[in-house]
């Protein structure tokens, strides 16, 4: 990861105010990085704080999946996602998929304000970082070979 990180900012409706406050508090640090956000969250950050944000679709309309695709393509380095654990979301499966893809590609993820505070204040946030990446492609190839050779059934 370069010194300038590409940070995705997402918040469920009941957590948007929290994210807005957090971003406002960390404006100095965040302004040094490239910011991405899902639709409504991005609009709020632009309107209320005057931030330059690359806006994607709203979460329920595919924005979470767009962020996930960007993670898989190596175009997002950090995910800050203030989600609402008490409110069921129409796109809960997208949220789970997003967290899973962030884990597969080993990017830092904060889903609570405390974790976001620790993450943003890390010296690594403003420095070059060489992340360790598990090669899941190799594991997939191994599983495919076993299925083809009849050693185990596909799951």
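Every residue gets a Cβ built from N, Cα and C, even glycine.
These features come from Swiss-Prot:
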- 64: active site, proton donor/acceptor (ACT_SITE)
- 12, 16, 38, 39, 40, 41, 58, 59, 91: substrate binding site (BINDING)
- 1-155: domain 'MGS-like' (DOMAIN)
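Secondary structure at the residue listed as 'active site, proton donor/acceptor', taken from DSSP and collapsed to helix, strand or coil, is helix. In this structure, of the binding-site residues 38, 58, the smallest number of CB atoms within 10 A of the CB marks 58. The local packing around residue 40 (substrate binding site), expressed as other Cβ atoms within 10 Å of its Cβ over all shown chains, amounts to 19.
Across the domain 'MGS-like' (1-155), mean pLDDT in this model comes to 91. Taking CA atoms as the reference points, residue 64 (active site, proton donor/acceptor) and residue 38 (substrate binding site) are 7 Å apart. Around residue 64 (active site, proton donor/acceptor), taking its Cβ as the centre, 27 other Cβ atoms fall within 10 Å, counting all chains.
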